[in-house]
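Copied over from TrEMBL, here are the features:
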TRANSMEM  7-27  transmembrane segment
TRANSMEM  88-107  transmembrane segment
TRANSMEM  114-131  transmembrane segment
TRANSMEM  137-154  transmembrane segment
TRANSMEM  182-199  transmembrane segment
TRANSMEM  206-227  transmembrane segment
TRANSMEM  258-277  transmembrane segment
TRANSMEM  289-316  transmembrane segment
TRANSMEM  328-347  transmembrane segment
Amino acid sequence: MNKKSGFQNIAPFSFSAIPWLAFWAAITQNTADPDLFGYLSFGRLFFESHGFPYEDVFSYYPVKNPWVYHEWLTGVIFYKMYKALDPWAIQALKYALASGCLGLAWMTARLNKADGKVVAAAAMMGVWVLAQGWSPVRAQAFTYFFFALTLYALERVRLHGAVKMLWAAPFLFLIWCNLHGGFPAGLGVLAIYACWFWAGGKKREAAACTAALAGSVLATLVNPYGVDYWTYLGKSLFMDRRFIVEWWPLPKTLLHGFYLPASIFMLILFLYAAVMLPKMFKDCNPGAVLLPVLAALAFLHHRHGVFFALGFIAFVPGYLSIRKPKKIWGWAASALAAFCLAGNMLLAGYQGLYLFSGSPFALNAPSYEQAPVNAPYYPTGAADHLLARGMKGNVLTDFHWGEYLMWRLHPNFRIAVDGRYETVFPEGIVNEHFLCFENPRVGAKDFFAYLEKYPTDTIITTAQSAAHGLLAQNKGWRLIYQDPGSALFVRKK
């Protein structure tokens, strides 16, 4: 082998490694997501209870009965991993699921005869959008992985007639539905492919896909809640989540400057996908239907951008070329692609240098002093103070701190509203909390009327909040602890 041929073998490998390194760098976060504490709290309750915990024991606010916690199995698994192996195991699982996600999308593109270098370029373009779903560690990680697996299996059926793979679909959805309520995304893909096969006259594949869809729907009924699970989903899938940023539509996130890099790159991916759709229709590729559906979901809710990024990496590379463009629009497209590649590499590189200097397998709950500037933090000092004094009661706190305090303070304290959101609280209860407690423009009359509505005797809030200012001026409440990030008030007796 001469030097030139050796270089030719190494160069494609090196190019393909770039999106993987960028992706791993972008998801290397070690500040625990608030939802993780909700999972751990459920897992602890599960093993301490004599039966399955259908009733909420953590909140003193009005709650739903039964409590349909669609992430219950995630909580059980994470709690066992946390106790037996320490937090690094949960982080390792996240990296494994994330790598599997990108790997399955990559393999799907290769099934469609896409050039490896083109797949690498497409993955690099979509890596920042794809990286948005891996906050450590949320149950939706399972949904993203199973979605990518479903897509890969269906493409194997379409391109190679591997219908036997669909026999496993009901078992997959049985596990999926108990880990996370995002399984309708997989059912939707199955439905699209079934319709596509029927319309294309592929009766064998269509029949197998339809049977897999029916079996998978039935399998989702095998859960602790039975039909109540689907009743919950029917309401939650279309509920208004105006106060949760990740559920905002793309124009709103752009307008307010949230998730800015991912939102910009998502628009660019939309453009590339739109240009390729006519070719997909011509080739009778189901991506011609699936990609617009995924794009619509990503446009309506930012958190669904991961689904679109997976679809983009899986389908679009087969219709892209890295040859020298011959027309002006080709040069423009190439320049746009180069911008995406360079921008994503710079962002991922910055993220990697910033976070790899720490511990990528750690799971931290930093205080205000420990957290980087403008990064999430937790009221660790206030929680420590309550535990040290052996206090008990009902604590009202900010939405994103609720699950952390639930994990730290149970059973001494019950929490008001927390990130379990619609699984346990009626919609009006959560909206009332945001309007009357976390609203920076709330008036004193509405604020204190809200405090009297429920038996709140303890409040933990941010040191800069409107609630802090109102409580500090009120004679009915006393400040007993404060640090730069949080303040602890108790009701005077």
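We number each residue from 1, going along the chain as drawn.
Glycine is treated like the rest: Cβ placed from N, Cα and C.
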Stretch among 88-107, 182-199, 206-227, 289-316 sharing the most Cβ pairs under 8 Å with the transmembrane segment (258-277): 289-316
Tertiary contacts of the transmembrane segment (206-227) (same chain, 6+ residues out, Cβ under 8 Å): 52, 54, 66, 68, 72, 154, 157, 163, 166-167, 169-174, 177-178, 183, 186-187, 190-191, 193-194, 197-198
Same-chain residues at least 6 beyond the ends of the transmembrane segment (137-154) whose Cβ lies under 8 Å from its Cβ atoms: 32-33, 35-36, 39, 71, 74, 78, 90-91, 93-94, 97-98, 100-101, 104-105, 107-108, 111, 162, 165-166, 168-169, 172, 176, 179-180, 182-183, 185-186, 189-190, 193, 209, 286, 303, 306-307, 310-311, 314, 363
